[in-house]
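See structure below.
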Amino acid sequence: MADIIIKNAYVLTMDPEKGDLKNGTIVIEDGKITEIGEKTSESADTVIDAKHSVVMPGLVNTHTHAAMTLFRGYADDLQLADWLEGHIWPAEAKLTAEDVYKGSLLACLEMIRSGTTAFADMYFYMDETAKAVEISGLRASLCHGLIELWNEEKGETDLKEGKRFVRAWQGAADGRIKTMYGPHAPNTCSEEFLAKVREEASKDRAGIHIHLLETEAELLAMKERYGKCSVHLLEDIGFFGPDVLAAHCVWLSDGDIEILGKRGVNVSHNVISNMKLASGIAPVHKMLEKGVNVSLGTDGCASNNNLDLFEEMKTAALLHKVNTFSPTVLPARQVLEMGTVNGAKALGIEAGMLKVGKKADLIVVDMRKPHLTPCFDIHSHLVYSARGSDVRTTIVDGKLLMDDYRVLAFDEQKVLEEAQKAAEELIARANA
Ligand SMILES: O=c1[nH]cnc2c1ncn2[C@@H]1O[C@H](CO)[C@@H](O)[C@H]1O
Ligand SMILES: [Zn+2]
């Protein structure tokens, strides 16, 4: 007997070999997809009738700071340096472990509701985010943010905590949690420190998550300090590899793109954050042309201000069209690949596609909505018309986290109330 059967669905497999099924059935057992076809002879404890719905791989958010949900709308319309150093960092100095727990749970709730099944996170008090992931049922690649700022003592303390976290949580929550090293950025960490982090990550067989060339200010600071940009510096110290996840990558030269492609670096494109902070426009279509694995991230809620990857897909598709004066750039199908297949690859997850043997991380999107009627093309609808709130069911590792708009993972009202209270108290402390 199987665990879950989803029937009567439009199945968007994202598997080029299989294609889509107009009226399909998916069977889930022991956390994996065991059958995809027109019908099944199996029976299951839970049978979901997905009439008027699309079943698709869960979306993967490859760059966020989950607990920053507490700063949603706290500091808007500011220059990045002023935003980060003048507002966010002083407020973060007042964060407690409990705040991070409550903010992370809120983020998990928002992700479950908007169809995200896995995410990559860099922050502080990461045990708390890990606990929230464990409870919520989501999948995540987590790292403790290392902000050395050329302070040797801080570098050592951060790295020690980073290593403790990597070792404590690697493979936890039935393998749903993976851990990484999280050096903040090449302009907030020294060359020696970055080299040391690379060494430790290799030793622990953990990946590395870093902000990379987000702003022109970083590019200029790097040129002044080292006479080369961040990509060349990291290339010269042997930092890059397919286990590196680089967020933003806005200020890249053609040569930088070649390097990222050659080294198999995974890029997280955070289009809304880049627009909101006016950081610039990442050369996404060029990266994709060069075979770079580009996925999508929301960044934290202080620079977005939500975790809805449907919005991210639409915005990415639109921005790159107007930026290149070419409406054929980033077509809907390619953007869906960025949100699913490429994201799963970036986090090393056996998912991102609905295929027998893959992990059962999938979502059911309700298409019986005014803004989704009529429907000629599912790809187009999912990118240009759908919203995160159209997701009715979310399954991770073969477990139902939300069933027909009902969140099962935890008490939703309690999560909302506690996050609201924690945020109010935190901001009061920060403004005191
Ligand atoms: O877009 C961004 N650029 C640079 N730093 C960021 C951004 N978003 C969040 N953080 C900061 O990164 C640290 C995580 O370890 C946090 O301090 C967070 O505020
Ligand atoms: Zn970030």
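For all residues, glycine too, the Cβ spot is worked out from N, Cα and C.
According to DSSP, His211 (Zn(2+) binding site) sits within a strand segment. TrEMBL lists His63, His65, His211, Asp299 with the feature Zn(2+) binding site.
In sequence order, Leu80, Ala185, Ala247, His248, Val250, Trp251, Asn274, Ser279 are the residues near Glu214 (substrate binding site), counting only same-chain partners six or more apart with C-beta under 8 A. The feature substrate binding site is assigned by TrEMBL to Glu92, His184, Glu214, Asp299.
When averaged over the domain 'Amidohydrolase-related' (54-400), pLDDT in the model lands at 98. The domain 'Amidohydrolase-related' annotation in TrEMBL covers 54-400.
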Residue with minimal Cβ packing [other Cβ atoms within 10 Å] among the binding-site residues His63, His65, His184, His211: His184
Rounded distance in angstrom between the Cα atoms of His211 (Zn(2+) binding site) and Glu92 (substrate binding site): 18
Rounded to the nearest Å - Cα separation of Asp299 (Zn(2+) binding site) and His184 (substrate binding site): 13
Least surrounded among the binding-site residues, given as Glu92, Asp299, when other CB atoms within 10 Å are counted: Glu92
Where the record names Glu92, His184, Glu214, Asp299 as binding substrate, the maximum Cα to Cα distance in Å: 20
Between His65 (Zn(2+) binding site) and Glu92 (substrate binding site), the C-alpha gap once rounded to whole angstrom: 12
